[in-house]
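Structure, as structure tokens:
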Amino acid sequence: MMTLNELLRPLRTQSELTPEQDQIKIKQIDMDSRNVAEGSLFICIKGYTVDGHDFAEKAIESGAAAIIAERSLDVSVPLIIVDDAKRAMARLASYFYEEPTKKLNLIGVTGTNGKTSTTHILDQILRDAKHKTGMIGTMYTKIGDQTFDTANTTPESLILQQTFKSMNEANVQTAVMEVSSHALHHGRVRGCDFDIAVFTNLTPDHLDYHETMDKYLFAKSLLFSQLGNTYEGKTAVINIDDLSGPRLAQLTTADIITYGIRKPADIRARDIKSTPEGTTFILEAFGEEVTVTFSLIGLFSVYNALAAVAAALASGIELKQIKASLEHVKGIAGRFEPVQCGQPYSVIVDYAHTADSLQNVLDTVTELTNGHVTVVVGCGGDRDASKRPVMANIAVKQADRAIFTSDNPRSEDPELILKDMTKDLLADNYETVLDRKVAIYRAIEAAEEGDVVLIAGKGHETYQDIAGVKHHFDDKEVAAEAIKGRMT
Ligand SMILES: CC(=O)N[C@H]1[C@@H](OP(=O)(O)OP(=O)(O)OC[C@H]2O[C@@H](n3ccc(=O)[nH]c3=O)[C@H](O)[C@@H]2O)O[C@H](CO)[C@@H](O)[C@@H]1O[C@H](C)C(=O)N[C@@H](C)C(=O)N[C@H](CCC(=O)O)C(=O)O
Ligand SMILES: Nc1ncnc2c1ncn2[C@@H]1O[C@H](COP(=O)(O)OP(=O)(O)OP(=O)(O)O)[C@@H](O)[C@H]1O
Ligand SMILES: N[C@H](CCC[C@H](N)C(=O)O)C(=O)O
Ligand SMILES: [Mg+2]
């Protein structure tokens, strides 16, 4: 709880509050009128769908004691006008919750692909080293052993600061979070005091939103320029094999740890051997060497491991301990996850929903099998349409057979998404099957001994978003039903 006068201090606004209004007690901050309670400060956010200013009255009816807005409103409680409500929200939330990230070793992971995977590997290493950890990302938010659902990979600043405060209360030492480009662009992580920033890679995605790769890189770069200009205790972990790596390195004054496979790097993997059971490699870290046996599959997984190793070393964990942790990292839900029901062919569910990830995963599958490869894949609606034909092209080139189907069409017509994917395809090794369940069944029913069916795009998701309604749908569940159905 804070007085309004005290809470507004970091905004440095010239609010014309009476001495009585100055003393109003603010019990919580809200950006959603549906959460407002007695004594809330309600912040009006102009969204993509609706305008929070239209809910100010509703918030007051629910007990809002003051309103922050970007324009004048006829309201009965104190109104503070700011130029940018989201910017104000980040500042106020961090202040109200007593700058919780300053009490955490905060690690942010950004990049087009590999954020969830890297954060999960890193969390395992940290927990093995007896750190109490928190995680924020695509699959969930986790505080200690408790998990919570999240709507976004990187939530809005208010939710973030509340989460960090809960982490402080639970004595979390290290928080590992995915930082999406949307979040960076929207300023959701303003007010987060990162200690370590990790870059995985940059390949085309979200160009509907960022428009050009340069602007997309600029959004990602904000994590590195925000790393502070004292290098004391701040580290940027950079994939030096990625074209954008060196550019990001130039943007930070923090210490830099590079990792890679192809180029010389501080943290490097060599002699990589992949089998369907896992990967072994020699890990070099600042001149020391250890051999790692790792259960995750594919070169891309080695990159994610290297990123996690670098961030763990920067967090003070010993290489010996890191090696031991890597050796018992378990598979990550929906990432190259096998569906095993005793069938003589392989079925793999994976979250590849970009051209680069699909290419990487198909490269891995084709390298590890002598059988036929069938890929079942679609593209999401209300997302970058430019990746659709590129993904389809990779599918027909890399796999023996592709079944194009629906992903999350959201507000788009799924037939039109399929048309976008296939309109310029010259190949004839594909078919389109709109119903995802039918598509998965068809691929599995045709699989023979030694073949691989890759079901890409939805990974861990347990729903299919059609016209804004989330229907239960789980690729793993459907695949298992199809496999068992064939056995009976
Ligand atoms: C395009 C986008 O980023 N949208 C985000 C945005 O939603 P919005 O602008 O539509 O919000 P809105 O519904 O118009 O509401 C505006 C304001 O009115 C308030 N409101 C609304 C209704 C009401 O009754 N009362 C009320 O007060 C809302 O709480 C909000 O403050 O603000 C919401 C709350 O923070 C986010 O959950 C939502 O993310 C949606 C779910 C989304 O799909 N975002 C994607 C694009 C995204 O951000 N993805 C990245 C990951 C991408 C990646 O790297 O793969 C992510 O970090 O998740
Ligand atoms: N380092 C990597 N490079 C390229 N592709 C990768 C890499 N790591 C994972 N992938 C592929 O990308 C998919 C998504 O991986 P992951 O969930 O870790 O990425 P993410 O960055 O968290 O994605 P999102 O932006 O949706 O949260 C995986 O299922 C795999 O196909
Ligand atoms: N974080 C990604 C997830 C995409 C998952 C895919 N199944 C889709 O719906 O496009 C996004 O919001 O673009
Ligand atoms: Mg993710």
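The first residue you see is number 1, and the count goes up from there.
Backbone N, Cα and C define each Cβ position, glycine as well.
When R383, R442, R486 are compared with the meso-2,6-diaminopimelate site residues D407, N408, P409, R410, G457, E461 in TrEMBL, the one appearing in that site is R383. Residues K115, T116, taken from the recorded positions K115, T116, K220, are distinguished by a CB atom under 6 angstroms from ligand 4. Across the range of the motif 'Meso-diaminopimelate recognition motif' (407-410), the DSSP-based residue counts are 0 helix, 1 strand, 3 coil. K220 (N6-carboxylysine) and G114 (ATP binding site) are 14 Å apart (CA-CA, integer value). In the predicted structure, the motif 'Meso-diaminopimelate recognition motif' (407-410) carries a mean pLDDT of 98.
K220 (N6-carboxylysine) is 9 Å away from T112 (ATP binding site) when you measure Cα to Cα.
Taking Cβ-Cβ distances under 8 Å and a sequence gap of 6 or more within the same chain, the neighbours of G111 (ATP binding site) are V198, F199, T200, N201, L202, K220, N239. Counting Cβ atoms from all protein chains shown, G114 (ATP binding site) has 27 others lying within 10 Å of its own Cβ.
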